[in-house]
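Now, the feature entries from Swiss-Prot:
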| type | residues | note |
| --- | --- | --- |
| BINDING | GLN457 | D-glucose binding site |
| DISULFID | CYS255-CYS511 | disulfide bond |
| DISULFID | CYS255-CYS610 | disulfide bond |
| DISULFID | CYS345-CYS351 | disulfide bond |
| DISULFID | CYS355-CYS361 | disulfide bond |
| DISULFID | CYS517-CYS522 | disulfide bond |
| CARBOHYD | ASN248 | N-linked glycosylation site |
| SITE | THR460 | site 'Involved in sugar-binding/transport and inhibitor binding' |
| TOPO_DOM | 48-66 | topological domain 'Cytoplasmic' |
| TOPO_DOM | 118-139 | topological domain 'Cytoplasmic' |
| TOPO_DOM | 194-202 | topological domain 'Cytoplasmic' |
| TOPO_DOM | 296-309 | topological domain 'Cytoplasmic' |
| TOPO_DOM | 407-422 | topological domain 'Cytoplasmic' |
| TOPO_DOM | 478-481 | topological domain 'Cytoplasmic' |
| TOPO_DOM | 548-644 | topological domain 'Cytoplasmic' |
| TRANSMEM | 25-47 | transmembrane segment |
| TRANSMEM | 67-90 | transmembrane segment |
| TRANSMEM | 96-117 | transmembrane segment |
| TRANSMEM | 140-169 | transmembrane segment |
| TRANSMEM | 177-193 | transmembrane segment |
| TRANSMEM | 203-221 | transmembrane segment |
| TRANSMEM | 276-295 | transmembrane segment |
| TRANSMEM | 310-331 | transmembrane segment |
| TRANSMEM | 376-406 | transmembrane segment |
| TRANSMEM | 452-477 | transmembrane segment |
| TRANSMEM | 482-504 | transmembrane segment |
| TRANSMEM | 526-547 | transmembrane segment |
Amino acid sequence: MDSSTWSPKTTAVTRPVETHELIRNAADISIIVIYFVVVMAVGLWAMFSTNRGTVGGFFLAGRSMVWWPIGASLFASNIGSGHFVGLAGTGAASGIAIGGFEWNALVLVVVLGWLFVPIYIKAGVVTMPEYLRKRFGGQRIQVYLSLLSLLLYIFTKISADIFSGAIFINLALGLNLYLAIFLLLAITALYTITGGLAAVIYTDTLQTVIMLVGSLILTGFAFHEVGGYDAFMEKYMKAIPTIVSDGNTTFQEKCYTPRADSFHIFRDPLTGDLPWPGFIFGMSILTLWYWCTDQVIVQRCLSAKNMSHVKGGCILCGYLKLMPMFIMVMPGMISRILYTEKIACVVPSECEKYCGTKVGCTNIAYPTLVVELMPNGLRGLMLSVMLASLMSSLTSIFNSASTLFTMDIYAKVRKRASEKELMIAGRLFILVLIGISIAWVPIVQSAQSGQLFDYIQSITSYLGPPIAAVFLLAIFWKRVNEPGAFWGLILGLLIGISRMITEFAYGTGSCMEPSNCPTIICGVHYLYFAIILFAISFITIVVISLLTKPIPDVHLYRLCWSLRNSKEERIDLDAEEENIQEGPKETIEIETQVPEKKKGIFRRAYDLFCGLEQHGAPKMTEEEEKAMKMKMTDTSEKPLWRTVLNVNGIILVTVAVFCHAYFA
């Protein structure tokens, strides 16, 4: 069946002028305005009701969060606009398999809450590189990991989210891509710079609700339009564009016909676009890196009131992660059915006409569905949903990136920095991050056949596995030491960067114009590459650790799984260095007790807005400090809640197995 008969509006979005008029109505605009007012109100409320004047308050929300905002924030930080654009786009191009990536996380959030976070809390750390410094000693691993994490944020998270959010705004409002980016970032940076982690978590919770309500409504509209689930399965396989040749060039059938295995998540190990061994093992390695060792995710868990709230948040997030298959991937596939000529275009000149890039237009599958299918008012709601997902991800990343920079890099360079100076440095760093990310957007636009999600996963496959190997061994094998971990990371990085640079130099190509990259380098699927890279890093770490001196247990109490319950006092490997750093801070605290000059009204307003006001709280006694430290590193739970949460964890893993089996 010729799918162009599906909707009289099939080509309505080709000219920005028409789309600009689509969203120029009172209902849409008022919903968007209400959305921004509510978000700013929640951000301001969090800003003035929480303590942001200390590093712990700004970066860890004062360890006071309960389970439901943590679960919502974990989900919202993970689901950016890159997911709406990327998952729906890859779904439109190749079927449901990409949704299985999301289900992989159901098992890993349980691993995070039950195995990894207890160790991080007992270690008493704020950042992941800080944990590695306590575990291995020395500074080189900490600085290396901080820099690599910041690079990963720029290459995968920030630039991909900015790009996908801008695609959506460009399609809905007709705004220039870069103007759209500028507006988004201005608002996002404003409440991250001023509000700290509490503002981020509360706005994330609000945005999760908006995101789920909006996308469920759109999913209902989409399935109604296409005639239900059975009709959707049948029509997707027939969604083939009519223009498949350009002059004398006729494109191969595989470039524009839906895959025969579109409705299976486990695909052929050799010819599949997402081969099943890579899907199970390679994806699990990437998911382990992201969910169990990434600053953005772990920071939310560390802000929890106690261990039960951590586990509750992880379980809530796990159930929410069931949704993207149905609210993002399948609507993307329906978009291909309804607007086949545009979404499934294969001729470069046609694609450029529809979406401004020659490699394919699947990235606009979800935005097109919103702009074309939703009635007035609801269209504004969906634009708010996209903005919500974009801004919640960006605020999370900005807050975590500034934490990494401030605590792991800046504090090393400026050992005598006061608390106030650290706060200002963290906020200024966010502005630098934004500039670099915008510069990377054009590269994201053309990578991986124009499929955003494949681009994100491939970069992660080249840089993430060595980090996963180090954390896994650091926590579960006490024999691993600093030289082993460091050289494992360095070798893994060199191999990963070689593949990444080669792929960018040759271009990833597309079905119509394959890349000239040598098969020995680019021919290995990125998920298989992740397995190989993980294995090389793992073996390197183990071998070098066995050939070098072990770390005495006295330095490892409560830093690895086998010693997690030890009561002895730990002598930190970095204790001497910490004493040097802490010395000047005491003198600074003494200095601040000197009577200050009264500040002017503008200066007081500025300090209040940025959370830099100094509260004259009395200094804690040594006993109080000890009690506070005990509370901050306590992982005990009430027996009833531990049982309830364990049962829920088992149910969640069972649901994950069922979903994989049902759609296999």
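Quick reminder: no glycine exception, Cβ is built from N, Cα and C everywhere.
Quantities reported herein were computed from a predicted structural model and do not represent experimental measurements.
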What is the separation, in Å, between the Cα atoms of ASN248 (N-linked glycosylation site) and CYS255 (disulfide bond)? 17
Recorded positions CYS351, CYS361, GLN457, THR460, CYS511 vs CYS517 (disulfide bond), shortest C-alpha separation belongs to CYS511
Interface check, the transmembrane segment (310-331) with the transmembrane segment (526-547), three or more C-beta pairs under 8 A: no
Distance between CYS355 (disulfide bond) and CYS345 (disulfide bond) at the Cα atoms, whole Å? 10
Okay, the transmembrane segment (482-504) and the transmembrane segment (376-406): do they have at least three CB pairs under 8 Å, pairs separated by 6 or more? no
Please figure out which one of 203-221, 276-295, 452-477 racks up the most CB pairs under 8 Å against the transmembrane segment (140-169). 452-477
One should report the C-alpha separation between CYS255 (disulfide bond) and CYS522 (disulfide bond), rounded to whole angstrom, as 19
When you measure from the Cβ of the residue listed as 'D-glucose binding site', how many other Cβ atoms are you left with inside 10 Å? 24
Selection from 25-47, 276-295, 452-477, 482-504, the stretch that has most Cβ pairs under 8 A to the transmembrane segment (203-221): 25-47
Round to the nearest Å and give the CA-to-CA distance linking THR460 (site 'Involved in sugar-binding/transport and inhibitor binding') with CYS351 (disulfide bond). 28
What is the number of other Cβ atoms found within 10 Å of the Cβ of CYS361 (disulfide bond)? 27
CYS255 (disulfide bond), DSSP three-state class -> helix
Whole-number answer please: how many Å between the C-alpha atoms of CYS522 (disulfide bond) and GLN457 (D-glucose binding site)? 15
